[in-house]
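As annotated by TrEMBL, region 'Disordered' applies to 1-36. Per TrEMBL, the feature transmembrane segment maps to 46-64, 76-97, 118-145, 198-219, 231-254, 307-330, 354-375, 387-404, 410-430, 451-475, 525-548, 568-596 (among others). The Na(+) binding site feature in TrEMBL is assigned to G52, V55, N59, N313, L421.
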Amino acid sequence: MEKQPLPTEDDMTGTTESEVNGHAGEEGEQASEPPGRVGWNSKIEYFLAQVGFSVGLGNVWRFPYLCHQNGGGAFLLLYVLLMLVVGIPLLFLELAAGQAIRQGSIGVWKYISPRLAGIGYSSCVVCFFVALYYNVILAWSLFYLGNSFQQSLPWSQCPEQGNVTVKECEKSSPTSYFWYRKALDITDSISDTGSFNPYITCCLLVAWTVVCLGMFKGIKTSVKVMYFSSIFPYLVLFCFLVRGLLLDGALDGISYMFYPKLEIWGDVQVWRQAATQVFFALGLGFGSIIAYSSYNPRNNNCHRDAFTVSAINFLTSVLATLVVFAVLGFRAKGKVVEWLLVHVFSNNDWSQTFGPHCVLLNFYVYACVFFFLVLNCDLEKEMQKGVEGTGLAFIAFTEAMSLLPGSPFWSALFFLMLLNLGLSTMFGTMEGILAPLTDRFKTLANNKTKFTIFSCIIGFLIGLLFTQRCGSYFVTMFDDYSATLPLIIVVVFETFSVSWLYGADRFLDDIEAMLGWRPSIIYKYLWKYISLLAMLGLLGATGIRMFITRPTYMAWNQEKATEEHLPYPGWALAVMALLIIFAMMPVPVALIHAVLQERTKRTSRDAETGQYSIVSTDDKCETPMTELDQRNRTSASFT
């Protein structure tokens, strides 16, 4: 029995979700599609929301690190290649599905088949996991933002107890000490829980309050905040770029950044990291893209949107990379010069060290600095220190800003930028939770404001886990394991469902009816083969790496005042496994539920049919019972 095509505009305004999903017997719980679904006031609002969600903290502190570690310019070419063959086709798929069906992630996949509803629920669970720890990063940014309004930044120099410098700070650096001891007050391992950090707890409460107020009335209120939160980070990045290029050592940092290392193309792990970054940079699998596109008119050119959003995302990553490594180049060169002043220029017998040729002092300075940079100093090693994740934002970058004139201004600007980047992403993540559930359940739709407030309260209460002294270790755990594998599996199911179960040709037909023109047939082969196989390869590489290599985390040793890699204890590995299982559990549960429901309906229908005598007619005329049976079988069929 053929599957029905995606709904037209008239279908969506006159058909309830319970009718669409094959009369599953849950009309009391499901929300019908409203005749006039809320929509964006303008295309600008939609772009601000979509770009604000996809452009997040990862563009600023993960992409530059990956680009530098994996071949610089060569990694950029690899990233663009994977963006074209994997990222953009899958983004187009989600945009088109949400816009055509005009439902959240649960409704979209349930419409294609009731057996696939679990894909949408898994997206909601992953969004919830991400929201829990992502808002903690906003709390950290708030803490640093509040500490930036001081004439002398508190992380610019080591504190003293009495007249003695604190040993932990003296052994490390002022920025590392402030981050690990003042901000986090971190323990030595994840097993040492410690007490709650009152400052971070208060900042987390403020962060969840801001998110709740922004989501209070759905997209109507969140988009007003996005006018600032989505545009302001670009203004800050351009300000930092102009200021950074004027710093001594900026060009050194940028040259290290883009120096091509073509040999990395033969490394499988580099392909895995590039594909993972493409995957997360666009926000695939979260359900937020589907939710945002569901508010678009049906004739919106979602094909052009996919290319536009991807291009903006990539250019933002490149812009952030230029800023980061211009500033880090200034920081690294400053450290090199400082080393020279301490170990070379303090030596009175310098002529014996470098020979009699350095007669003039200026010539001596420049010659020795050049000699040191080119031959004796590993500047790249300095560039690599603390350039990933929180180490970049809260250690390396803060140290560089403390050296700038007017450092409190630049510090406040930087952490306000991080706050706005994270806030836009949080709005999209929360929309990936709220929109599908309110579309699915009528009770939640009628009490959406209360549901939003309740969700934020629950998020804050569970988020207290991350405000313990060991909380940053749990943030790392959730970031590495609660979303990566489940989201890849979700996108694999999405791609397989559309391209093979529903049919790529049928989906292109629906897009043609929606847009008025047919996309290139190349998307059929990308969805069915190339993108799907690439995602399966990424899934396999990620799973193999996860099971072969024992997971570790970066811990802070207070006595040594250094970072060190520690293996996760057994109970932490169990928590990781539970996070992954819990995120993926809705997929098989929804499948089993749909199959059992179909069998129950079929049994009850057969019993009801048995109460009537079978009438045999030569002209095979249809009776009301045969019409009902055909309709039930059509809606319940799964091809």
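In case you wondered, yes, glycine gets a Cβ from its N, Cα and C as well.
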(request) Could you tell me what the rest of the chain brings near the transmembrane segment (198-219), counting residues at least six beyond its ends with Cβ under 8 Å? (result) 38, 40, 45, 49, 135-136, 138-140, 142-143, 146, 183-184, 225, 292, 295, 423, 426-427, 430-431, 434, 448-449, 452-453, 456-457, 459-460, 463-464, 466-467, 471
(request) Return yes if the transmembrane segment (46-64) and the transmembrane segment (307-330) have at least 3 CB pairs under 8 Å (sequence gap of 6 or more), otherwise no. (result) yes
(message) Which residues of the chain, 6 or more past the ends of the transmembrane segment (451-475), have a CB below 8 A from one of its CBs?
(response) 128, 131-133, 135-137, 139, 184-187, 189-197, 200-201, 204-205, 208-209, 211-212, 215-216, 218, 390, 430, 433-434, 437-438, 444, 553, 555
(message) Check for me, if you would, whether the transmembrane segment (568-596) reaches the transmembrane segment (76-97) - at least 3 Cβ pairs under 8 Å, residues 6 or more apart in sequence.
(response) no
(message) How about the transmembrane segment (525-548) with the transmembrane segment (231-254) - do they touch, taking at least 3 C-beta pairs under 8 Å (6 or more apart in sequence) as contact?
(response) no
(request) Go through the chain and flag residues at least 6 beyond the ends of the transmembrane segment (307-330) whose CB is under 8 A from any CB in it; none is fine as an answer. (result) 47, 50-51, 54-55, 59-61, 63-64, 67-68, 76, 79-80, 83, 87-88, 91, 234, 237-238, 240-241, 244-245, 247-254, 256-257, 281-282, 383, 387, 392, 396-397, 400-401, 403
(message) If I restrict to non-local contacts, at least six residues apart, and a C-beta distance under 8 angstroms, what lies near L421 (Na(+) binding site) in its own chain?
(response) V55, G56, L57, N59, V60, S229, P233
(message) Do any residues, 6 or more residues outside the transmembrane segment (118-145), come within under 8 Å Cβ-to-Cβ of it, and if so which ones?
(response) 57, 104-110, 183, 199-200, 203-204, 206-208, 210-211, 285-288, 390, 393-394, 398, 411-412, 415-416, 418-419, 422-423, 425-426, 429-430, 432-433, 436-437, 440, 459, 462-463, 465-467, 471, 474-475, 478-479, 482-483, 486-487, 489-490, 493-494, 497, 579, 582-591
(message) Highest Cβ count within 10 Å among the binding-site residues N59, N313: which residue is it?
(response) N59
(request) Can you check which residues sit near G52 (Na(+) binding site), meaning Cβ under 8 Å from its Cβ, same chain, 6 or more apart in sequence, and list them in order? (result) M226, S229, S230, S424, T425, F427, G428
